[in-house]
């Protein structure tokens, strides 16, 4: 028997058993038939609860993020545009990955038809590839905004072009899964079972393509992300604006808070997906001996845990957004509380009309006033010996 773990999109959905492994299964009913359900009742309950919770949080959490950002004018920024695309990609994971993963973990064989055999791994691959590349786009946007400020600021036109390129790249690179996944029907003992398997025209085609996906949709984007945030950390820690330290401190704190949120999102993505990638790379290039305890543990214990961990990433981001962003928290509560829309618009209008900073120039003095609970006046006094003098006044 060849131990084979189907690598259908990092199979969030699949360690689908092939015909050989199913024929040698130990789960044989009293009448000598292989049962349709391969898990005991307590495992069915456990799987259903674990995947059901993720599905609800991923679907409705990301939907709320999209609605809140789209309905809140203040949130119409380029970084939030990328976040909306990221939320949409996570919704695709929830819709096309979670249900099939759950059912495939409970049933023997493939029970969902030829179309889903091709569409499921393809759409799952597209969504995950898009997610990591939008994380890279966000990191690049923050890098340009913080390290180069106005010189190389990413515009809306560039941002929309990048988003189109990411979706096009994700749709294109995953085409081999749509092409080479096929539905096969084989007799096992006295029964017929369907299997969704990759059928490549060349040897090791599936393994090589998995390696390509791992590099293009995991390693390379994460390297770019780490470089961007490393450069941002250096710039934030060394930047100093003499004479306007308090104003600079307000801006720096805001930027650092955003960076912390984004770094946490990236870390959770990398941590969530790495175990599953490692498992399938091992099975593709250095599989453990067949019928060994190692192989059995990887298939029946480690892989289901890794699948659940990978899928759970799709519900983490909305929780992080709400934790770090007061605006998203407030608007989310208002959305579910069905608050009066006029009151919300009034508050939004009042906020948007409040000045963050005013600038006055008179008698050779440049005065900046910051308006945020506490007020600070910074005066650049007309130069005497070619040097500006700075006077700073702080008000509680």
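Glycine residues also receive a Cβ, built from the backbone N, Cα and C atoms like all the rest.
Automatic prediction, not curation, is the source of TrEMBL annotations.
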Remark   = transmembrane segment per TrEMBL, picked from 161-180, 181-200, 241-260, 341-360, is residues 161-180
Remark   = Checking 81-102, 367-388 against TrEMBL, the stretch recorded as transmembrane segment is 81-102
Message = I'm validating the feature mapping. Which of 122-140, 141-159 is tagged transmembrane segment in TrEMBL?
response = 122-140
Key: Residue numbers, six or more beyond the limits of the transmembrane segment (161-180), whose CB comes under 8 Å of its CB atoms   = 8-9, 81-82, 85, 118-119, 121-122, 125-127, 129-130, 133-134, 137, 154, 198-200, 205-206, 209, 212-213, 216-217
